Amino acid sequence: KGKCPEDGWDESTIELFLHELAIMDSNNFLGNCGVGEREGRVASGLVARRHYRLIHGIGRSGDISAVQPKAAGSSLLNKLTNSVVLDVIKLAGVRTVASCFVVPMATGMSLTLCFLTLRHKRPKAKYIIWPRIDQKSCFKSMITAGFEPVVIENKLEGDELRTDLEAVEAKIKTLGAENILCVHSTTSCFAPRVPDRLEELAVICANYDIPHIVNNAYGVQSSKCMHLIQQGARVGRIDAFVQSLDKNFMVPVGGAIIAGFNESFIQEISKMYPGRASASPSLDVLITLLSLGTSGYKKLLKERKEMFSYLSSELKKLADNHNERLLGTPHNPISLAMSLKTLDETNDAAVTQLGSMLFTRQVSGARVVPCGSVQTVNNYTFKGFMSHANDYPCAYLNAASAIGIKKQDVDVFLKRLDKCLKTFRKEAKQENSINEISDANTATEQLED
């Protein structure tokens, strides 16, 4: 039926299924006689076993989704994976998605492929409207495709950084709709930035007849992000949305899903990919979804949401204890931010030092963002880089509740963060005491004089 099974399969059943697919490929036929340049020959038995002898990859030279006559098993694997992944995207909240395919590239290059496909539809266009998000790969995806990003600064609303819709529309009028390739929006992002106003952007794109590509990097795991995409497509225009395999399905890095609401456009993107492609990302995600089943994946999504609430409440308590505060970012369903104002005022280098201390204590993924850092990416200079704004009011620390996170991860992180912050406070007190003694000695010397 091409659907993800409700209950996960055991490993031996999955292996049997993969071996059945593999023996349908010509390189595994007992009497095969290969005289071409690409015959699925593998020198190492270890490599062959690692790939379950599915060696031919996916697609043909003209289309990554096409069937290979001498690789029936690999082709079936490709078709089934795309079908199962489509089923899971619907389950996660985008009910009206029409088509998708797994591409063996991470999110950034997959976005580039979308932009290159649009080039043929809009030959005059050279600009991409991009509400700012300080993440290098989505910015470089536009540069690599040969387009000029038009950076739209975010609006500060409370603690949140939100889409400046008026600035987007004003820029469209200034540049001319026919000169704009697309609007490139974002769902999943680091707090205090929150998902773009997708519904409003989708309406603007529909009104001006401009394509709309959504970077949904780790948004499949969030019902809120998926709801935004569904609503955007319902009220306006979303041409494609791209998500990472590793971030949403806990597989190795190297694959993404390109999905959309118009099947013919998604097929155009798949035909834009030059040559055949590795089957590894497709194989990894199919194995994972067959082992989890829909019930297992739903359980992971539910646990992630529960851990977000737990992380939020516990991080708030810790922030209060250190005279800091959990920034108010109710529109961000995955990432949280805690101010580091006291630390920043104590010592200019203290904020970045905290990041180093956490990393050496085996805390990975926590981002420490100082005020006023400047970075140049492909000749574009960003002020306040990593904070998604030129002048965010305070330094802060990020932590995220992503799929697969456990209560133990949260508890250990909070314990180590608390210890690091206490170290800084202790050092600050000692420094103050030394300064007080020094000031007292100076005053005594002046009296004696």
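Glycine residues also receive a Cβ, built from the backbone N, Cα and C atoms like all the rest.
TrEMBL labels come from automatic prediction, so no person has curated them.
Record features (TrEMBL):
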type: BINDING; residues: ARG38; note: pyridoxal 5'-phosphate binding site
type: BINDING; residues: ARG60, SER61, GLN68, ARG276; note: substrate binding site
type: BINDING; residues: ARG234, ARG361, LYS426; note: tRNA binding site
type: MOD_RES; residues: LYS247; note: N6-(pyridoxal phosphate)lysine
Closest of GLN68, ARG234, LYS247, ARG361 to ARG38 (pyridoxal 5'-phosphate binding site), Cα positions, recorded positions only: GLN68
Cα-Cα distance maximum in Å, computed over every pair in ARG60, SER61, GLN68, ARG276 that the record assigns to substrate: 10
Other CB atoms within 10 A, centred on ARG276 (substrate binding site): 21
Cα separation, LYS247 (N6-(pyridoxal phosphate)lysine) to ARG234 (tRNA binding site) (Å, whole number): 26
From recorded positions LYS247, ARG361, LYS426, the one whose Cα lies nearest GLN68 (substrate binding site): LYS247
Greatest inter-residue Cα distance in Å for the tRNA-binding set ARG234, ARG361, LYS426: 55
LYS247 (N6-(pyridoxal phosphate)lysine) and LYS426 (tRNA binding site), Cα-Cα, nearest whole angstrom: 38
